[in-house]
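Novice: Pasting in a structure now, in structure tokens, and then I'll have a few things to ask.
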Amino acid sequence: MESLTSICEVILQPLPSNSLNPDHTNKTQESIQSFSNLSASDHSIPNKVVHLLLSRAFFEAVLVVRLVLKLLSTRLGTLFVAGSLCFTGKWPYVNKFSEICLHKREKIVQKWLKHSFLTPVRLGFVFIKSLCLLVSFSQVNEKLKNPTWEAIGYHVETDEEHPKEQKERPLQNGMVETMNETDQTLVNSLMQKGLDVTENLKENICKITCDVVIIGSGCGGGVAAAMLAKSGKKVVVLEKGNYFNRSDYSKLEGPSLDQLYESGGVLPTLDGKVMIQAGSTVGGGSAVNWSACIKTPPAVLKEWVKDYKMNLYNTHEYISAMDKNHQEKRRRKKCLGVISQVLNQKITKRLQIEAKVTISACGSLLTPPLLISSGLKNPNIGKHLHLHPVLMAWGYFPENDSNLVGKNYEVKSAGRINYNFHKSDMKNMKKGLKQAIRVLVAAGATEVGTQRSDGQRFKCKGRRHEDIEEFLETVDAKDGPLSMVKDWNIYGSAHQMGSCRMGASEHEGAVDENGESWEAEGLYVCDASILPSAVGVNPMITIQSTVYCLAQRIANMF
């Protein structure tokens, strides 16, 4: 813990008193003073970082961090990763990392960020830094406040009352939340929802019989459930996440990430290059989507028909599906429920759902593991994963200019990149990053920058156009922390697609054009993983429209 605490202090350390601006109100000055005194070595932040690392990170990430901390806990290890900066004039002449003064520790960390031969140490530091900052800025005290929020201008109405609470949660009548059940109550609760339930006491199994079982309730699973229930099928949906109505949501970032996102919103790729966010709650990605409803671009439809031989995307059936919405006022009582599968020590029974059709709708990240663990061998399962990676630019707008009208810019390029970044992809990302900075400058920012590892920034107020363009020439899209480059980037991605793509044959895809497995009859996939490639825009409408068509075909098969 000594080494981890020392690293956390480097990441977020107290600011010198002469760096504060005295031109503030007393209340604001007080909050800024509190912020300037904050250190990530305080308030149990390192302990929370350890908890997050062990509970959310990949085994490989934990291994890397442990290796880094082990090195820093010894004099020889510190000498290896810190060089001459750990020397001291007194015996034993070499300090452990925690014994080195803060100023030198900061220089050591800067060395890790730049030198390519220290990439494993660099990666370990990236994991620690990400978790440390997440904890520091999201944790709250007993008053549900964080000492940094007022100083940075972040405000949350934690005590706001909802205009009108609904008498019941919309899905309550059709739901069994296993977290609230016991072995004694579970069977009765399932039967009350109209399910056909039998018990095998010898094997301690609770067996449910239905027409269709769907694993996952996101953009794909939700639409599939609605369409199949509408056709008269008895449908059961299994969801590992919890159900949150509007009044259940926390407005705090920390609890919301933990409750609504896969791995609590902390899900990096193995090389730390991309931070992935995927919904993990009833509604999946549709519950956390920012309401961007964009139809599948015509160029993408053309590509899927021509290159992947997916004729579905050239039909009136699909084109009209993109315009469908929920117009019926009454609810049909055909969908018999959503079962939230939650770890609950009070329930020892195993649930066995027997259905004519099984649909995996776990999303591009979790459908492949489910299919593989079920014994499927198609080589396309888990391959061809596509992401929409994001690079960020920032701009500083002084308080007196806070009424500036915001602007936006859309990069008119493919923007569809998988893990293996190609030169053309990097070129497009670089172009988009430059345009984002130009927008910030045009909107009145006095300082702009990127999230590159060297903290790239530029004070643009009063500068000539030529100076700004000169800075833009230094802006670039680099690879991740494990790459052999001095300055590197970390990307974000909220869209995952294509890991069980549809194909014209079993050699080209994990499922056929109807979403059915090539290996198991009656097993379908209805989520973003079946898309042939990346969409290039928010994929929600594309996923829902695709599944809308597939669900109709499934309903007509039995």
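Glycine residues also receive a Cβ, built from the backbone N, Cα and C atoms like all the rest.
When I checked TrEMBL for this same protein, it listed these features:
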ACT_SITE  H495  active site, proton acceptor
BINDING   210-225  FAD binding site
DOMAIN    211-245  domain 'FAD-dependent oxidoreductase 2 FAD-binding'
DOMAIN    258-325  domain 'Glucose-methanol-choline oxidoreductase N-terminal'
DOMAIN    330-390  domain 'Glucose-methanol-choline oxidoreductase N-terminal'
DOMAIN    408-544  domain 'Glucose-methanol-choline oxidoreductase C-terminal'
Novice: By CA-CA distance, flag whichever of I214, G218, A224 among the binding-site residues is nearest to H495 (active site, proton acceptor).
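Specialist: Nearest candidate: G218.
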Novice: Using a 10 Å cut-off, grab the number of neighbouring Cβ atoms around the Cβ of C210 (FAD binding site), all chains included.
Specialist: 19
Novice: Applying a 10 Å Cβ distance cut-off over all chains shown, what neighbour count does G222 (FAD binding site) have?
Specialist: 26
Novice: If you draw a 10 Å sphere on the Cβ of G220 (FAD binding site), how many other Cβ atoms land inside?
Specialist: 33
Novice: Tell me the Cβ neighbour count for A224 (FAD binding site), meaning other Cβ atoms within 10 Å of its Cβ, over all protein chains shown.
Specialist: 30
Novice: Rank the binding-site residues V212, I214 by the number of other Cβ atoms within 10 Å of each Cβ, and give the residue at the low end.
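Specialist: It is V212 that, of the binding-site residues V212, I214, has the fewest other Cβ atoms within 10 Å.
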Novice: Sort out the sequence-distant neighbours of G218 (FAD binding site) for me: same chain, 6+ apart, CB within less than 8 Å of its CB, listed by position.
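Specialist: Result: G279, G283, G284, G285, S286, A287, A361, G363, D527.
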Novice: Count the Cβ atoms, other than its own, that fall within 10 Å of the Cβ of H495 (active site, proton acceptor), considering every protein chain shown.
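Specialist: For H495 (active site, proton acceptor), the 10 Å Cβ neighbour count is 25.
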Novice: CB neighbours of G216 (FAD binding site) within 10 A?
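Specialist: Excluding its own Cβ, the number within 10 Å is 29.
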Novice: For the domain 'Glucose-methanol-choline oxidoreductase N-terminal' (258-325), give the DSSP counts of helix residues, strand residues and coil residues.
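Specialist: Tallied per class, the domain 'Glucose-methanol-choline oxidoreductase N-terminal' (258-325) gives 30 helix, 7 strand, 31 coil.
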